[in-house]
Each structure stands twice: as structure tokens, then as C-alpha cells.
């Protein structure tokens, strides 16, 4: 009887240790993500290209690394932005910059790279698109605000690595299957 209790306690301890190990892995990944977010000053320091609008520069499934510590965006720079009211990041190139305007009556002029006025307003366009992105912006928005809409500027990429993310979002059953396999592996792991 005593051996039965000790084996059950051992199983409970082992199961608890596995659950704690799994929680440690999850919390470590979360802390690394948040640390990277603070380091890059971007809410999403790594994004996946979801469409072909930036071909040939980036293909669908490319993994992009972002940096958001630059005070201004230059024409030709590739930025990632979120449209107000939507949660899908868009990767496009800056085609024009404008100084920030205070009123509708003030005329907006394009600024040069040597201008001391910060270029906080941006117009973007996908390399593979015919027109600029004004149609993609929120209703009534004619340009992006550098501080409010931009997630970050692209500083590096790894081709095709992000395609796994696209597959998981397009086939939800695959996500469930992978989570089930990972959970089963954690539970069956013996030290």
C-alpha cells in the first residue's frame, strides 16, 4: 500500500514538473518577444509578408525584422504599417513624405531630405501595385502618421521562413494538430 502511494506521488510530482517546464518555455518565449519589442521600439518586431504586393523585393512568406527607432522615414524606405481599425500589417515602400500639418487650410509641401522639419506624414505604395495606398488607409485618411501608424522600418529579412505562419492561418486544423502534438510530446517526456 505504501509503495502504491509513493508511486502515485512520484507521478503527480513528475506531471507537475512537466507542466511547470511547459509554462517556463512559454513564459521565456513571451519575455524574449517583449524584450525584442522594447529593444526595437516596435509593437511587432517580426512580421511575415502576407501578399505579393512588394514583389520582387519581398515574396509572400518572407520573415521581416523591423526597427522603429528612426525619427523620420525616407522616400524609398520600406515600412510596415497598420490601418486604423484593422489588425493586418501592410508592408509597402514610402513614395512621398510631408511635414505635419496643423489645419486643413495650410498647404502641404513635399520636403527634402535636408529639411529640418520632421517628415511625419507618409504616402506609401507596394512595388507591385499600380497606385499608391490611399485606398487602403482608413476612411478620411490621405497619408500615414509616422508616430501613430508605422509599426517599423524593415532592416532585414529571411526568405520563405514565415510561410509556416501563413499555412497555420489558412488551415486552422493544422494549428490544432500541431498544438496537440506539442502537448503530447510534453506529457510523454521523461527526464
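Every residue, even glycine, has its Cβ placed from backbone N, Cα and C.
Here the structure is a predicted model, which means the values were calculated and not measured.
Here Swiss-Prot flags 53 (among others) as active site, charge relay system, drawing on similarity to another entry. With a 10 A radius on its CB, residue 53 (active site, charge relay system) counts 20 other CB atoms from all the protein chains. In the three-state DSSP classification, residue 53 (active site, charge relay system) falls within coil.
The active site, charge relay system feature in Swiss-Prot is assigned to 92 (among others). Reduced to three states, the DSSP call for residue 92 (active site, charge relay system) is strand.
Feature annotation from Swiss-Prot assigns active site, charge relay system to 133 (among others). Listed in sequence order, the residues of the same chain lying 6 or more apart from residue 133 (active site, charge relay system) and placing their CB within less than 8 Å of its CB are 90, 92, 123, 124, 125, 126. DSSP classifies residue 133 (active site, charge relay system) as coil under the three-state reduction.
Away from its own ends, the region 'C-terminal short (CTS) helix' (177-188) comes close to residues 15, 18, 21-22, 168 of its chain (Cβ-Cβ under 8 Å, at least six residues beyond either end). For 177-188, the entry in Swiss-Prot reads region 'C-terminal short (CTS) helix'.
Per Swiss-Prot, the feature topological domain 'Cytoplasmic' maps to 1-18.
Residues or ranges marked as topological domain 'Lumenal' by Swiss-Prot on the basis of sequence analysis: 40-191.
Within the same chain, residues 45-46, 186, 189 sit at least 6 positions outside the transmembrane segment (19-39) and bring their C-beta atoms closer than 8 Å to a C-beta of that stretch. Marked as transmembrane segment by Swiss-Prot: 19-39.
Taking the Cβ of residue 92 (active site, charge relay system) as centre and 10 Å as the limit, one finds 23 other Cβ atoms among all the protein chains shown. Counting residues per DSSP class in helix, strand and coil order gives 12 helix, 0 strand, 0 coil for the region 'C-terminal short (CTS) helix' (177-188).
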